[in-house]
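Below is one structure, written out as structure tokens, with a few remarks after it.
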Amino acid sequence: SFAVGSSYGAAPDPLEAQREVCELNPDCDELADHIGFQEAYRRFYGPV
């Protein structure tokens, strides 16, 4: 059987969409370099 999120194949990163949004915002991207993506995203867009 196949389980979603199993070790077979590359499981999609649930935060990938938010990471892309932050990377497209120069201010969020810069802040992420200093405090990490999740915290930078939270400051700009609210809870991840």
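Going from the start of the chain as shown, residues are counted 1 onward.
Cβ coordinates come from backbone N, Cα and C, glycine included.
If you check Swiss-Prot, you get these features:
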type: BINDING; residues: Glu16; note: Ca(2+) 1 binding site
type: BINDING; residues: Glu20, Glu23; note: Ca(2+) 2 binding site
type: BINDING; residues: Glu23, Asp29; note: Ca(2+) 3 binding site
type: DISULFID; residues: Cys22-Cys28; note: disulfide bond
type: DOMAIN; residues: 1-46; note: domain 'Gla'
type: MOD_RES; residues: Glu16; note: 4-carboxyglutamate
type: MOD_RES; residues: Glu20; note: 4-carboxyglutamate
type: MOD_RES; residues: Glu23; note: 4-carboxyglutamate
**Nonlocal residues around Glu23 (Ca(2+) 2 binding site), in sequence order (Cβ under 8 Å, 6 or more apart)** = Asp29, Ala32
**Candidates Glu16, Glu20, Asp29: member of the binding-site residues with the richest Cβ shell (10 Å)** = Asp29
**Message:** Among Cys22, Cys28, the disulfide-bonded residues in question, whose Cβ has the most other Cβ atoms within 10 Å in this structure?
**Reply:** Cys22
**Request:** Could you tell me the mean pLDDT over the domain 'Gla' (1-46), as a whole number?
**Result:** 84
